[in-house]
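Accompanying notes for the structure given below.
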Amino acid sequence: MRKTSKMINQIYQLTKPKFINVKYQEEAIDQENHILIRPNYMAVCHADQRYYQGKRDPKILNKKLPMAMIHESCGTVISDPTGTYEVGQKVVMIPNQSPMQSDEEFYENYMTGTHFLSSGFDGFMREFVSLPKDRVVAYDAIEDTVAAITEFVSVGMHAMNRLLTLAHSKRERIAVIGDGSLAFVVANIINYTLPEAEIVVIGRHWEKLELFSFAKECYITDNIPEDLAFDHAFECCGGDGTGPAINDLIRYIRPQGTILMMGVSEYKVNLNTRDALEKGLILVGSSRSGRIDFENAIQMMEVKKFANRLKNILYLEEPVREIKDIHRVFATDLNTAFKTVFKWEV
């Protein structure tokens, strides 16, 4: 019988809101079909911040914690018994752990039995990460700080895939409601995937809307023209603005359009179902992503024009070397309009 090699891993777990402890855990480092990766750069997600601040239902926190946060990360391969990757090769890690990959009909991120790293399971705030080889995607011609948000971009890619699969073929005008980092990524994905489409962005802050220089039109939410119309739309608001945002889209979208709902709300929202039914709309819930979405995200980020645009929503923090640095990063992220990225040097 082959002897299993093991190594002590340092796992930086959130034990309760704003409290982080290091867990030392012995782990196998030569599991069959698994690749060992050392995280390099990471990005903070709103979901991480909600856990850190304790802004989830106490029952949810009790169920999910303790766990290591962060599900957006790139790293380098330190061991690969499968021979798929070279030691030192740069890769991004897929947090969605599904029983099988997507097929022609069903997506891996919605499958029963799927779990997600940094949601009740340890995320990437560890000394090293062991993942099945199909949960790793290589990259080369992308800067590490941009590669760190691949998971975030892949979520937008998944939503675009849903649109292309479900929406009717008239795609001349597409709206994005929201002016944060998700809206910016989705607008770029529209521009990349459907370059002839006119992009309409609806937001609350002119200073943020100015970043959408490639959009055809930009509007403030309380000053939308009565005659505004578009074929399909993406809702990228989340939070308390989720309901009003979706209802604005229902109001202005053309009949038989498709609305992709991407924003997360902690509370149930009221929707204008009367107009949604009258217009024959398709409302689609879109969450997380799978391997194909990561591959598509990397292809887009390899295009310099889009990689350079994505840099506009990144704030590079100082490296993290110890627990106090993690607290610093999350404090900084609270006051950052877009994505906080940092180097992981524990």
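Cβ from N, Cα, C; glycine included.
Features of the protein shown, as given by Swiss-Prot:
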| type | residues | note |
| --- | --- | --- |
| BINDING | CYS45, HIS71, GLU72, GLU151 | Zn(2+) binding site |
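Here the features listed in Swiss-Prot are painted onto the structure.
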| residue | record | Cβ within 10 Å |
| --- | --- | --- |
| CYS45 | Zn(2+) binding site | 24 |
| HIS71 | Zn(2+) binding site | 25 |
| GLU72 | Zn(2+) binding site | 28 |
| GLU151 | Zn(2+) binding site | 25 |
Shell of the Zn(2+) site beyond CYS45, HIS71, GLU72, GLU151, same chain only (C-beta within 8 angstroms of their C-beta centre): ALA43, ALA47, ASP48, ILE70, SER73, PRO95, SER118, GLY123, ILE149, PHE152
